[in-house]
Structures are given as C-alpha cells and as structure tokens.
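Some features that TrEMBL has for this protein:
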COMPBIAS  151-164  compositional bias 'Low complexity'
DOMAIN    84-199  domain 'PpiC'
DOMAIN    233-349  domain 'MTTase N-terminal'
DOMAIN    370-600  domain 'Radical SAM core'
DOMAIN    603-667  domain 'TRAM'
REGION    137-164  region 'Disordered'
SIGNAL    1-20  signal peptide
Amino acid sequence: MREHFSLTLLLLLLLPSAISFLLSPHPLSRTIVSTPLARSLSSTTTSNPSAASSSTPHSSIIPTVYKNQTKYLVENTSYTPTSISSVYVRHCLMQTLSAAEDVLSQIRKLSSYTSDCEDVSIDPFGDVTSLISDCEGSKEKRGDVGWIDRPSSSSSSSYPGSSIFPPSARSTLFTHRLKPGDIHLIKSPLGYHLTKVSDVTLKPDFPNTYIGPKPKLKGSGITSSSSPLNSSKKYSILTAGCQMNVADSERLEGQLHSSGIIKTDEIKNADIVILNTCSIRDLAQSRVYDTLGPIARKKREGAKITLVVTGCVAQQEGQNLLKRIPEIDLVMGPQHVNRLNDLLESIELGHQIVSTESTVISEDISKPVRGDKYRAWVNVIFGCNEHCSYCVVPNTRGVEQSRNVEHIFEECRGLGEGGVKEVTLLGQNIDAYGRDLNPKGNFADLLGVVNKVEGIERVRYVTSHPRYFSDRVIEAVRDLPKVCEQFHLPPQAGGNEVLKNMRRGYTFESYMKIVNKIREKCPDASITGDIIVGFPGETEEEFQRTLDLMEAVHYDNLNSFAYSPRPFTDAALSDAQIPEEVKAERLKRVQNLSVIHGLERSQRYVGRTEEVLVEGPNPKNAQEEVFGRNRQGRHVFFKGDIDLVGKLVDVKIEGARTWSLMGTLVDVMG
C-alpha cells in the first residue's frame with residue numbers, strides 16, 4: 001500500500017541534496033527562479049475537497065474579512081473580476097486523504113530547509129511525485145499534466161490530460177483562487193490529487209474587442225470624424241501615471257514615427273490625440289474625463305481629430321468609455337500599444353474600436369521614441385499575477401509576461417550605442433522576471449547581463465515585491481558596478497492584519513528581515529517605498545505599526561497615499577471603509593514623519609563627493625545651475641554649464657534639503 005511508504009525516509013533521501021545547495025555558492029551565471037519555494041507551499045489547502053467543489057466560484061477569491069460580500073459578487077453583474085481561462089497543472093496522486101496530507105506535510109518540511117535556496121533544480125514537488133505518485137501517466141514527467149482550460153457549458157469532458165486529471169478535478173480546481181506556485185488538495189474518482197499550479201492564462205471578464213460604425217454625435221447631425229493616417233498629420237500624447245505608462249508612450253511614439261507622423265506639444269494643433277491614462281487612484285481616473293471633455297466638444301463641432309484612449313482606464317472601462325464619450329475613436333489596453341498603426345488604419349475605414357482582450361505581448365518592430373537622450377526606460381516584464389485586494393493592475397495590465405533576455409540585451413546595447421548612459425528596467429513585479437520563461441530566468445541574472453552592456457554606465461530598476469525579493473538581488477546590487485545602490489521596496493502598510501487583508505503575502509517582521517539584509521550588505525544604499533493609509537478595517541493600532549515601520553527603516557523617500565476604492569477590487573466591496581477625515585489625518589502624520597527621515601537621510605551626504613549623471617538645467621535657476629541624480633537617486637543641484645547634460649561628474653556635497661542636495665562641481669568624468 002502506498003500509504004505505508006516511509007515518507008520520513010523520503011525526506012531523509014531528499015534532504016542532503018537540498019542542504020548541499022544551501023551551502024554552495026550561487027554565482028550570477030547559474031539559472032535560478034526568483035520565487036522562493038516557501039511561497040509555493042504557503043497557499044491554503046482544502047482539507048475537504050467535496051465542500052470546495054460545491055462553493056461558488058467567486059467565494060474562494062474573497063479574503064475572510066470580505067466573505068459577507070460574496071452574495072453581492074455573485075448577483076451583481078456589474079462586478080466582473082478577472083477570471084483565469086487556463087492553468088498549467090502538475091499533480092501527485094495518492095489513494096487516501098491521509099497519505100496525501102502526509103506528502104504535503106513532508107514537502108512543507110523540506111521547504112523549510114530550502115526556502116532560501118532558489119536553484120531551479122531543487123524541486124521537492126517533482127522529486128516526491130517521481131518517486132511515489134500513483135499516476136503512471138505523469139509520474140515520469142515529475143507530475144506534469146499540462147494546460148487545462150476552464151470548464152464551460154460547451155466544453156467537452158475529454159481534453160488533454162483528462163485521463164489522469166478527470167473533469168471533476170478540473171471543476172473543483174477552478175473554484176479556487178489560482179496563482180502560480182499554489183498547491184491545492186483535490187478529490188476525484190482516481191484518488192486525491194496534490195495539484196500544483198505552475199502557470200495561468202488570464203481572460204478579463206469586462207468587454208474586449210468591439211468594432212462598430214462611427215456614431216452620430218448628439219445634437220450635431222454629423223458623424224464623428226477622424227483624421228486620415230498620413231505623413232502630413234501631427235500627433236500629441238498626454239501621459240499620466242507610472243513609469244510603465246511613460247515607457248508605453250515612447251512605444252506609441254515609435255509606432256507613429258514609423259508612419260512619418262510628426263509630434264506636436266500643442267493639443268490644439270494635433271490631428272491625433274492620445275491619452276495614456278492611469279486608474280491607480282480615483283482622482284487620476286477623474287482627470288481623464290476632464291481632459292476628454294474639451295476634445296470631444298471640438299469633434300462635435302466638426303473638427304477632424306482622431307481621439308485615442310489607452311492605458312489602465314481604457315483597459316478597465318472598455319466599451320463603457322464609448323457609451324460615456326462616443327467621440328472616442330479607439331479604446332486600447334496597454335497590451336496593444338504595438339498595434340496602434342494597424343488599429344488607426346481600421347479607424348480610417350470608418351470604424352470605432354475597443355481593443356482590450358488578453359494577448360501575448362510581442363516585441364515591437366518599431367523602436368520607441370525616447371523622451372530623454374541619456375536615460376531610458378526598458379520593459380523587462382509586463383503584467384502582474386498578484387491580486388492585491390486594493391489594486392487594479394492585474395485587471396488592466398494582464399498576466400505576467402517576461403521578455404527574452406536576448407531582446408532586453410539587444411535593446412540595451414542599441415541604447416548604449418546611441419549615447420544613453422542610464423537605463424531603468426521596468427516591471428510591476430520585477431522580481432517575478434523569468435519565472436514564466438522556458439528555461440526559467442531570474443532578475444538577479446538579468447542585472448548581470450545588462451551590467452555587461454557597453455556604453456551603459458548606470459542600471460536602475462523598479463518595482464520590487466517584498467514577497468518575492470531575493471537575496472541575490474541585494475548581492476547583485478552590491479557586486480555589479482553599474483547597478484545603482486537604490487532599492488524601491490514598497491511595504492504599503494506596517495500592520496500585519498492590514499497586510500493580510502491586502503493579500504501582500506508578508507509581515508512586518510519578514511519585511512524588516514529584508515531591510516536588515518540590505519543595510520548589512522549595501523550599507524550606503526537608499527531604500528524607498530510606498531505607503532497606503534486608511535485601508536478598509538485599518539485600526540489606529542494597525543496604523544501605528546505603519547509609523548513603527550517607518551521609524552525602523554528611515555526611508556530615503558516615501559510615496560504616500562490615502563486609500564482609494566478601485567473598481568474590480570475586493571477591498572472596494574468592504575463595509576469597513578475608513579472615513580475620509582481619518583484617512584487625511586493619517587496621511588498627514590505619515591508625510592510629516594517622512595519629511596523628518598528624508599532630511600536625515602540627505603544630511604549623510606554632506607561633505608562627500610558624489611557621482612552625478614547630469615540631467616538638465618535647474619528649472620528654478622536655468623542660467624547658472626544644472627542638476628542630476630547620484631547613484632542612490634538623490635537630486636543634486638550645482639553651478640554648471642548646460643553642456644554638462646548627459647555627462648557623469650563628481651560633485652562635492654555642501655548642503656542638504658529634504659529631498660535634494662547642493663554642491664560644487666569637482667570633476668567631469670565624461
């Protein structure tokens with residue numbers, strides 16, 4: 001009987017190899033995954049699979065604090081959260097529940113020894129499965145079942161893998177909230193499946209592609225008119241939001257320039273107006289409609305303008321934007337920016353288009369038009385697989401998709417040859433880089449690759465996720481000469497209960513372990529972060545833990561925000577919303593403390609000579625001064641000629657402000 005197999009002996013057999021990996025060095029050339037093994041085994045396991053299979057599909061995605069909102073989610077059709085269309089599954093089949101639970105327990109024990117070791121060859125799930133699984137069809141493949149589609153009323157009961165992972169198991173699997181690395185215990189007629197989710201494909205539930213005729217505009221009696229696509233036309237792009245949006249706008253410009261269309265900074269002179277939008281907070285989304293109003297009015301009056309809305313608001317609202325503002329010609333999600341010219345050609349034929357469907361992001365043929373000659377943004381991973389309960393990003397930017405390292409290297413090489421001195425690598429969760437590639441990659445190794453690019457003198461990156469942050473990234477920052485000593489590590493909150501309800505996946509204590517490692521290995525590095533105050537259910541005691549965290553870290557810079565409910569997020573459904581006046585008061589306390597810490601961190605540079613990449617003239621004293629940033633990201637102002645822009649210089653720091661430094665030019669390095 002399989003259940004009589006000595007699982008303890010199995011652990012002893014696997015443990016020596018795991019420990020040897022822990023004790024061995026991890027050179028940057030080794031292929032690793034950036035996701036700690038402990039994360040893969042920390043998900044909730046269903047001890048009663050039959051009960052799970054009868055639950056509503058929505059109920060498993062709502063944290064405990066919001067369970068009372070499940071009925072609302074099911075019955076209110078206006079709320080359509082992102083669903084998963086398919087899952088890549090591995091499984092270990094056992095005949096009894098007790099045996100399955102014992103196996104999972106042993107995997108967890110083994111993971112406690114290997115949680116800090118990220119070598120891809122350490123795979124307790126695959127090792128155990130290849131030894132003791134009762135599924136002969138997948139045992140030799142270390143449990144691989146393959147891609148399984150979400151069941152539907154029209155789907156067949158026969159699908160690839162159905163003989164080893166039957167339809168009842170598939171149905172139960174899709175009642176869970178599924179994320180890469182999760183392990184679920186599922187019962188079927190074949191036995192008990194320890195089911196590991198290796199990858200997912202997301203399909204938004206909100207409106208996707210729509211192509212229709214131009215509408216008649218209210219009160220005007222004319223059809224909405226757009227501008228023909230040709231080289232005599234001009235375009236203007238308005239960009240709001242994060243660095244990802246800035247990079248997307250540069251890609252949009254590359255598309256338009258490839259068609260010979262000229263840029264203008266004056267909207268009134270533009271034939272094509274593009275709004276690249278942000279929906280991270282309610283205020284940012286409201287400004288979209290404020291900006292669209294005057295442009296729509298000009299179209300109603302007969303102006304031949306092509307009006308494009310892209311970015312996160314476009315992805316989030318989809319066809320609803322057309323209902324609200326029918327003058328819009330194209331609504332386009334961030335995943336479609338490299339299709340702009342094709343979509344504009346369809347508009348010329350008299351179509352009105354919404355393009356927000358999930359897609360595989362391909363490499364651009366046209367090159368982005370950089371907004372800076374000496375600094376550049378480089379996307380390395382698109383999308384986000386996390387589902388923090390307050391965040392719209394998974395709904396607006398889709399599933400994680402890493403770019404191949406060869407493409408990233410070639411883009412950076414071209415930038416270096418073109419005179420760019422500094423690149424910033426971009427990702428919503430940059431520590432996840434490479435885990436979706438085959439073979440797998442990791443972010444620390446990518447830093448090593450970019451560090452080798454000739455011409456590039458500095459490398460920065462954003463944004464890290466504390467849940468997946470790797471020690472090897474700290475070591476890469478310490479050891480690689482071009483990688484700047486700056487860590488953007490957003491905690492979002494300090495209270496463990498708030499972090500749990502946010503679904504961040506770490507605690508105050510585990511976050512501080514990362515900070516302490518950074519301080520130990522890179523003592524001169526800057527640490528920056530983001531804080532949200534007034535999250536639903538945040539008590540004064542929990543908020544005090546946020547202040548405690550700030551006191552423990554002393555951030556060099558801190559972005560702070562009052563919580564803003566966002567559509568398609570679980571936190572927005574909570575009945576424990578914090579009053580606006582309480583949020584405002586807490587935000588003020590956070591900002592006051594961050595000012596104290598910011599000045600303290602600035603003062604440490606006084607008397608030192610800092611390497612600065614000159615970015616431009618001082619906006620407040622353009623005739624005499626220029627400014628740039630040191631390696632830690634502090635702005636440095638000093639007297640100098642405009643010819644210094646784009647050069648690395650040494651500056652003696654003589655004064656400090658909260659977020660900036662003042663000094664005297666010492667040397668020009670080139």
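From the backbone N, Cα and C atoms, a Cβ is placed for every residue, glycine too.
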Across the domain 'MTTase N-terminal' (233-349), DSSP labelling yields 64 helix, 23 strand, 30 coil
Residues in the domain 'TRAM' (603-667) per DSSP class, helix first, strand next, coil last, are 4 helix, 36 strand, 25 coil
Kindly state the mean pLDDT of the domain 'MTTase N-terminal' (233-349) in the predicted structure.
82
Is it possible to list how many residues within the region 'Disordered' (137-164) are helical, extended or coil according to DSSP?
3 helix, 6 strand, 19 coil
